[in-house]
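Working notes for the structure below.
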């Protein structure tokens, strides 16, 4: 009976050994597999890879393609769609949760490019020169939580930003959105409408500030916390238009982790000044027709006042040193003043003596005799 009792355990061990002995799915051509194909695939094959590999195992969880020349992501590109854009039936990668497509020269993402990836939670399209983005490019991604588009929207212009608004609209479950390094001059309205967004990365853009409408859109109804905002390395203009942003930052510092790195790019008088160190009441508006000189006349903060105080202290110190020098040399100064007084007195006495000599009538010269008086003088013999 004992051997019979041990048979189930032995059978279980045999089943596990058989499962482990089965050959794993082969790694796709031009790709590297780490920990088995279903864990991580990395495909970095240069310009010869012009479309996603077709032989990715269906149980793959993570797929990375770097350095390829994909150029155009057509509809259902990862679900068996062919080069003509025809979609394949069904889902080829039902378990894929992370897809990284950085540095692949992708210029166009068509509608439905990621169809057939129902489990995809993280998508990274950073560092691709996108020029066109379909309004339905991200449709069919109900589980998407993270979307990275860093350094990918610079070349597209306003049309691409408008398409981005349409493409973001269906991503109701999105938590993280990366838009760093895209020369954005405003926040995408669709990004502000994502109800579950937890973090918005807009660093290294061209944001001169956030207007009151954008700040209101960052707040949630019902007291729910709004998304964190990464805002560093933007050319902020610290004029009167920055007052709402400054007030918002001081009330929600924890929502802007890099708030201490926010610095002014204009006006010139406040160049590289930390925004949080400014006094909102002192931020002035430049005249609409003012030039650079008008900009320099804007907002003088506490540091400028401190410089004036320091200058006054330096002048006071110089005056104190001057008084100390006078005090230490008081005897020499008194001697110099006495000598000067005596010299002046001697000079005045000399002037007075000469004046008296000139005024004495006895010392006046005799008047000259007339010319005709010599003929009748007593000794003339006439």
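Cβ from N, Cα, C; glycine included.
As recorded in Swiss-Prot:
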COMPBIAS  365-382  compositional bias 'Low complexity'
DISULFID  27-33  disulfide bond
DISULFID  31-43  disulfide bond
DISULFID  238-264  disulfide bond
DISULFID  240-285  disulfide bond
CARBOHYD  62  N-linked glycosylation site
REPEAT    171-194  repeat 'LRR 4'
TRANSMEM  308-328  transmembrane segment
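If you take the Cα of residue 240 (disulfide bond) and the Cα of the residue listed as 'N-linked glycosylation site', they are about 48 angstrom apart, rounded to a whole number. The average pLDDT computed over the repeat 'LRR 4' (171-194) stands at 95.
Listed disulfide-bonded residues near residue 33 (disulfide bond): 43 (candidates 43, 238, 264; Cα-Cα distance within 10 Å). The Cβ of residue 238 (disulfide bond) has 30 other Cβ atoms within 10 Å, all protein chains considered. Put simply, 285 is the one of the recorded positions 27, 31, 43, 62, 285 whose Cα lies nearest to the Cα of residue 238 (disulfide bond).
Look at the repeat 'LRR 4' (171-194): DSSP puts its residues at 4 helix, 3 strand, 17 coil. Note on proximity: of the recorded positions 43, 62, 264, 285, the one nearest residue 27 (disulfide bond) is 43, by Cα distance. Cβ contacts within 10 Å of residue 31 (disulfide bond), excluding its own Cβ and spanning all protein chains shown: 20. Look at residue 240 (disulfide bond): DSSP puts it in a helix. The Cα atom of residue 264 (disulfide bond) lies nearest to that of 285, taking the recorded positions 31, 43, 62, 285 as the candidates.
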